[in-house]
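Engineer: Could you have a look at this structure, given as structure tokens, before my questions?
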Amino acid sequence: MPIEVLSLKEIPAVSITGVQQNSRKVTPGNLFVAQVGDMVDGHKYIPEAIKKGAAAIVGSEALEGKFDVPYIQVSDSRAASAYLSAAFFGFPARQLTVIGVTGTDGKTTTSNLIYNILLQAGYPTGIISTVNAVIGDEILDTGFHVTTPDAPEIQRLLSRMVTAGLRYVVLETTSHGLAQDRVTGCEFDVAVVTNITHEHLDYHGTYEAYRAAKGRLLDYLAETAPKKHGNPRVAVINRDDMSYEYLRQKPVENLVCYGQTSNQATIWSENICFDACGLHFDLVSDTFRLPIVSPLVGDYNVSNILAAAAAAIYGLGIDPPVAARGVAAVHGIPGRMERINLGQKFTALVDFAHTPNALRKALETARRLTKGRVIAVFGSAGLRDREKRHLMAEESARLADISIFTAEDPRTESLDDILAEMAAAAAKVGAEEGISFFRVPDRGDAIRFALQMAKDGDLVIACGKGHEQSMCFGTTEYAWDDRIAMRAALAEFLHQPGPQMPSLPTSRKSA
Ligand SMILES: CC(=O)N[C@H]1[C@@H](OP(=O)(O)OP(=O)(O)OC[C@H]2O[C@@H](n3ccc(=O)[nH]c3=O)[C@H](O)[C@@H]2O)O[C@H](CO)[C@@H](O)[C@@H]1O[C@H](C)C(=O)N[C@@H](C)C(=O)N[C@H](CCC(=O)O)C(=O)O
Ligand SMILES: Nc1ncnc2c1ncn2[C@@H]1O[C@H](COP(=O)(O)OP(=O)(O)OP(=O)(O)O)[C@@H](O)[C@H]1O
């Protein structure tokens, strides 16, 4: 969508050293773009930005003439920040084939699968995802709980990729990122939507608004001008998901549908088998049939593999056998169904399921991996979609033998209140406190409690934190890693040397 300049007729030539939308990051010579946020109005930080040396300001309010540096009023300062950042770095996305992956669940997994297929094909590729950003040999942290960085940071990363000689980038793209124009100017060539279920309704308000935000990834395809590489623009959508009917109405040049059956799908799976060691199935289209073998577990990963294979084969022209080899090379994604094994006689897993749909899939998978009981440990984040904590507690009450509700980034909400809401939801579907569900506020204690209860052959799964390295209490991030916590607790029980259990404010209080 074009951005209108509402103030100056003639924009003065100002030489700038970068674009920032956060005054705290401004350095001398930067262009500061003021945005109206949910918490504060960024226009109030203009004086601070100027004090730090901003050479010019862009904003959406009529403030022309109020400052000593040029002020340019625009109709949409979020989109402006993205376009200006792209322009500052010389529109790096135009030098790259950009693959965007969105969806409620499976974005990181699908992004990593595509990334590995591209590497297998010998294409120089970068990735920006929840777990990290990778540029050649360099692995960069994208920050606490951040998936899609802000526009200036994305454009900086893309520019570094171009400089490093990369030609492809896989960009994990969240609904927040799409709604806030963080990926405007990314000039997508391939757009993948894994699924759209209940999540982030605190932010988007309704499922329809959330779906529309995700759908924007497909709209970007139509806006992308032809690039030098001349690849077709392709949208990849999931025939099995409730978003299918909505997404297939989008006016995209090339639509590819994948599904676990051949029904209306371009590419589908047959003969799916999975166990604790991984999965295999036949990847089928009208023109080929190919065996796929993957160390990933869970039939939802069949969908993720189908999405990645569809993007690679139909969007990027990669031969199906190369795609199959790329899939086989992905041995696991950190914190996704990650097995913690210190020789104990039951299974211990850490998984990143933190939506009702993901939790259901994770617990259904867990059920198929054990003949014993499934013991689930998880919580629900504070200051995020409140409805989801009820849905997740209900799912677990139905699918796990024992659910242990615990801390998961309570932020400034009361942890006890969150746990009370989860307990009420579990009780509503017939679960009994003290028998099939428990509230253990400290996450380290919750993990210990679960492991203590586990008998030979049972399965303990800690969901919701996955690879994450911190947990937020109040406004402070405390060092936390579920995998370390689980290893520490197992080592305690097995009287083996092991890591120290990380300490959270809840454990300090109870100590
Ligand atoms: C809810 C949400 O998405 N918030 C994002 C939004 O913030 P906001 O509009 O509320 O910003 P604000 O704090 O009111 O500030 C308004 C403006 O003033 C500026 N400011 C603010 C303070 C200051 O001192 N100086 C200053 O210039 C801010 O940079 C901003 O431009 O716009 C900011 C600038 O682009 C984002 O950094 C911020 O992400 C915050 C950090 C965040 O936590 N977002 C999460 C929810 C998020 O985006 N998560 C998804 C993953 C979700 C998933 O798990 O699927 C992600 O992509 O990471
Ligand atoms: N296709 C899928 N459908 C449902 N659940 C899935 C799917 N893929 C993964 N999951 C579940 O979601 C969890 C997170 O997977 P993944 O990181 O790939 O998703 P994500 O969309 O990137 O999550 P986030 O939005 O937090 O980055 C997994 O640990 C698994 O429990």
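If you go along the chain as it appears here, the first residue is 1 and each next one adds 1.
Cβ atoms here come from the backbone N, Cα and C positions, even for glycine.
Curation plays no part in TrEMBL annotations; they are all automatic predictions.
The feature domain 'Mur ligase N-terminal catalytic' is assigned by TrEMBL to 16-87. The domain 'Mur ligase central' annotation in TrEMBL covers 101-312. Under the heading ATP binding site, TrEMBL lists Gly103, Thr104, Asp105, Gly106, Lys107, Thr108, Thr109. Here TrEMBL flags Lys214 as N6-carboxylysine. Residues or ranges marked as domain 'Mur ligase C-terminal' in TrEMBL: 335-466.
Walk me through where these features lie, including what they touch and how far apart they are.
Structural biologist: Cβ neighbours within 10 Å of Gly103 (ATP binding site), excluding its own Cβ and spanning all shown chains: 28.
Neighbour density for Lys214 (N6-carboxylysine): within 10 A of its CB lie 27 other CB atoms from the protein chains shown.
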Engineer: What is the total of other Cβ atoms whose distance to the Cβ of Thr104 (ATP binding site) is within 10 Å?
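Structural biologist: Excluding its own Cβ, the number within 10 Å is 24.
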Engineer: Report the mean pLDDT of the predicted model across the domain 'Mur ligase N-terminal catalytic' (16-87), rounded to a whole number.
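Structural biologist: Value for the domain 'Mur ligase N-terminal catalytic' (16-87), mean pLDDT as a whole number: 95.
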Engineer: Here are some binding-site residues: Thr108, Thr109. Which one has the most Cβ atoms within 10 Å of its Cβ?
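Structural biologist: That would be Thr109, with the highest Cβ count within 10 Å.
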Engineer: What is the separation, in Å, between the Cα atoms of Thr109 (ATP binding site) and Lys214 (N6-carboxylysine)?
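Structural biologist: Distance between the two Cα atoms comes out at 17 Å.
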Engineer: Just to be sure I understand the contacts, which recorded positions have a Cβ under 6 angstroms from any atom of ligand 2? Candidates are Asp105, Gly106, Lys107, Thr108, Lys214.
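Structural biologist: Among Asp105, Gly106, Lys107, Thr108, Lys214, near ligand 2: Asp105, Gly106, Lys107, Thr108.
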Engineer: Work out how many Å separate Thr104 (ATP binding site) and Lys214 (N6-carboxylysine) at their Cα atoms, rounded off.
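Structural biologist: Cα-Cα distance, Thr104 (ATP binding site) to Lys214 (N6-carboxylysine): 9 Å.
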Engineer: Can you name every residue in this chain, apart from Gly103, Thr104, Asp105, Gly106, Lys107, Thr108, Thr109, with its Cβ inside 8 Å of the center of the Cβ atoms of the recorded ATP site?
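Structural biologist: Neighbours found: Val101, Thr110, Thr194, Asn195, Asn304, Ala358.
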